[in-house]
């Protein structure tokens, strides 16, 4: 047969590969090594394969961020930066990789809500003082000569006219725009990939879980996320308040990234993630859970409306399907983690965490009232 003849010549047993004179031929070596019943030509192919080649030692190389566990090219989303030149090193024990992110998530969430409780205490305390300061400032402005074209005064006036929620969201949007501009600086590319993209295969695991929620490589990605945040900020701030909203938003970003870490380690699909989608999913899920009968619409199709409850069900279904099927355009695990955290917090978390902040506030009040004890001097 043609296949068998090609195999003999291709695997080192044809005339073109004959040994020097005086040496044993490949056929003789085969006859010497093979059992009598296996001397048929049917089995020569397998014996000749060992005769013709020697297996080369395997070279172990670090995993690159754009390759998967099977060596296939990682299909990068257009929303993340190019990482072809960045080498990541997945741990040989993937479960151990999640230990530090787990402690960071728990610790950061606790610090976020504790800081928010203290912030609310200080905010309430300063409102009375600011009221009297405002009266004094208005009286001084009435007797002070006014400057024409004072740009700083106009900015301050505009800022003071904003509500607490508008100030908070404006600060978040400004931070996202600033980080987006940093992505455009070529000399900062490696630093941005290292600290502003979350990846369980990276050497830096914890700080990117927070910094990546302010990071967007695509202008469309940032514009879409900030538009959704601006659309829902008034509802979520009215429900939670400014201080509690910030604690939930920052904690949601870290928690959603941890869920993404768990999914990537479990499936072996390592890759960088960035964006505020996980935290914004928490905001969206919280509002939809609190006001399920509210009417929503898609920005490009305003004529079609649907209830917030149905929108939440569709978001969870899509995120679950994307995580199971391995869709790579979005980080669906982070979306699902953020949405579930928003539902849990509105249903149980508010009662469990925020309403039990009184002991911490009392400790802070005593520290602020008593202050450091001064040592008594001799009379």
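Heads up, the Cβ atoms here are built off N, Cα and C, so glycines get one too.
Unlike curated entries, TrEMBL annotations are predicted automatically.
In TrEMBL this protein carries:
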TRANSMEM  102-121  transmembrane segment
TRANSMEM  165-183  transmembrane segment
TRANSMEM  204-224  transmembrane segment
DOMAIN    209-349  domain 'Peptidase S54 rhomboid'
TRANSMEM  244-262  transmembrane segment
TRANSMEM  298-317  transmembrane segment
TRANSMEM  329-347  transmembrane segment
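A Cβ distance under 8 Å defines the sequence-distant neighbours of the transmembrane segment (298-317), meaning residues of its chain 6+ beyond its ends; these are 227, 281, 284-285, 287-289, 291-292, 335-336, 339-340, 343. Note on the transmembrane segment (102-121): residues 205-206, 209-210, 241, 243-244, 246-247, 250-251, 254-255, 258, 353-354, 357, 360-361, 364-365 of its chain, located 6 or more positions outside it, place their CB under 8 angstroms from a CB of the stretch.
Broken down by DSSP into helix, strand and coil, the domain 'Peptidase S54 rhomboid' (209-349) contains 104 helix, 12 strand, 25 coil.
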